[in-house]
Protein chains: 2
Amino acid sequence: MKKPLILVTNDDGITAPGLRTLVRLMKTLGDVIVVAPDSPQSGMGHAITLDSTLYSKKMATDTEETGNEEYSCSGTPADCVKLALQELLDRKPDICVSGINHGSNSSINVIYSGTMSAAIEAGIEGIPAIGFSLCDYNWDADFSHSDSFITQIVTEALANGIPKGVVLNVNIPKLEKKQLKGIKICRQARANWKEKFDKRTSPMGKDYYWLTGKFELLDKGEDTDEWALANGYISVVPTQFDLTAHHVIQELNSWGL
Amino acid sequence: MKKPLILVTNDDGITAPGLRTLVRLMKTLGDVIVVAPDSPQSGMGHAITLDSTLYSKKMATDTEETGNEEYSCSGTPADCVKLALQELLDRKPDICVSGINHGSNSSINVIYSGTMSAAIEAGIEGIPAIGFSLCDYNWDADFSHSDSFITQIVTEALANGIPKGVVLNVNIPKLEKKQLKGIKICRQARANWKEKFDKRTSPMGKDYYWLTGKFELLDKGEDTDEWALANGYISVVPTQFDLTAHHVIQELNSWGL
């Protein structure tokens, strides 16, 4: 039987430990091709490169020399997936996995996430796709506790398929392996960021800002990703790219438009 | 009675004719403050500036000197809204309008749209928000045919409010005024882009790509934004930032996770 073809990408860049972990795990499940940004692309949302050129380079980052090809790309995570599917791969991948992101993409963070935009881009192209994120922003975070769960989720997705129009957003709490209670299917918690701009003056006398902020959970539901993560579970949110608020169409039709 | 405060932004930059049109229209409805990118930000999706500094400059672009303040910002459309709300405005705006974009943001384009990401960012912060786009990519496009419709939609939104968690995505067909049939509340059509990468070699001998593509409509429904636009209507899609595919949660619970 032909092994499944697995496209691996991320938003932290091709050398990120989270991506290297995901590559190692995926090699146990199929043939792996990596197409990932050549530099960090956190917070890029679903940006694509419209008015600029893209470079791609075949990399020798596969140090075990398993024959898996790896490419870096100068663009955004969504660009990487577009370039992979149209130019670099000779067949359609069976699944696209993105991550493991260094940092949470739960709740409203999904909107800003480059990791998830890569997965969503694959989903738009009709490819089953999953974004993985660890709730730990450290570059040298410990990814090992979730190995078996990640393998399990991808195995199930390869076996069952993922419903059309849906991409999985998987977040992993920062815990010891023995503290991890399992996996929960969740909805996206209602939350936002309370921004604070740190205003400074440059040595040249020009004012500038750093964007900082505090995450504000606005949702007490026990069926949310935030609840799952706070209670020792890996959260899986089915995420869609039909953004229509279907339940509001009737109300808007009562406006005098 | 105090006039409503209207925050105007876009993704084509503060000098774009589409934004200038929207500013002119909004001045008939309230006090206007503009916070818009200092350069074009098309295709930026919901990108935010995390690892870099932001500059903002008070502009003298209000040539009619009506006392309305205008600021440019070096960041993305979502950055502009965050900076406006946290730093530049002294009270919460009654509504945020983004656009008028030079080009369509209907259907799947909403995912890549800087125009809509600005509106969605305002929505996340609890402010009624609308993105406006004209299906004409020309910089000197004629925006005049939709004046009365834009004014009408914003007036209704100010009067009725917009349901919580929802932002309006308004697209305007490229037509003569007398051909415009009215406004339709729609769902987002199923579609994607068939990409083609134009591969070239630089004078220095390095390969690079331009991203090009063709829009592919995959939806024959007559309740979609694409149908409305093709049939002479302005489309209004209620758009949400809870991306959960609630209808799929039960199915995923049947997986062996």
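Even glycines carry a Cβ here, placed using N, Cα and C.
Taken from TrEMBL, the feature divalent metal cation binding site covers B:D11, B:D12, B:S42, B:N101. Annotation for B:N101 (divalent metal cation binding site): same-chain Cβ neighbours under 8 Å, separated by at least 6 residues, are B:N10, B:D11, B:D12, B:G18, B:S113, B:T115, B:G131, B:F132, B:S133, B:L134.
Averaged over the domain 'Survival protein SurE-like phosphatase/nucleotidase' (B:6-195), the predicted model has a pLDDT of 93. Sequence annotations record features per position, and here TrEMBL assigns domain 'Survival protein SurE-like phosphatase/nucleotidase' to B:6-195.
Taking 8 Å as the upper bound (exclusive) on CB-CB distance to chain A, the binding-site residues B:D11, B:D12, B:S42, B:N101 give B:S42 in sequence order.
In sequence order, B:D11, B:D12, B:G103, B:G114 are the residues of the chain that are 6 or more apart from B:S42 (divalent metal cation binding site) and have a CB within less than 8 Å of its CB. Comparing Cβ neighbour counts within 10 Å across the binding-site residues B:D11, B:D12, the minimum falls on B:D12. Those residues of the chain, other than B:D11, B:D12, B:S42, B:N101, with a C-beta within 8 angstroms of the mean position of the divalent metal cation site C-beta atoms are B:N10, B:G13, B:A16, B:G18, B:P40, B:Q41, B:P77, B:G99, B:H102, B:G103, B:S113, B:G114, B:T115.
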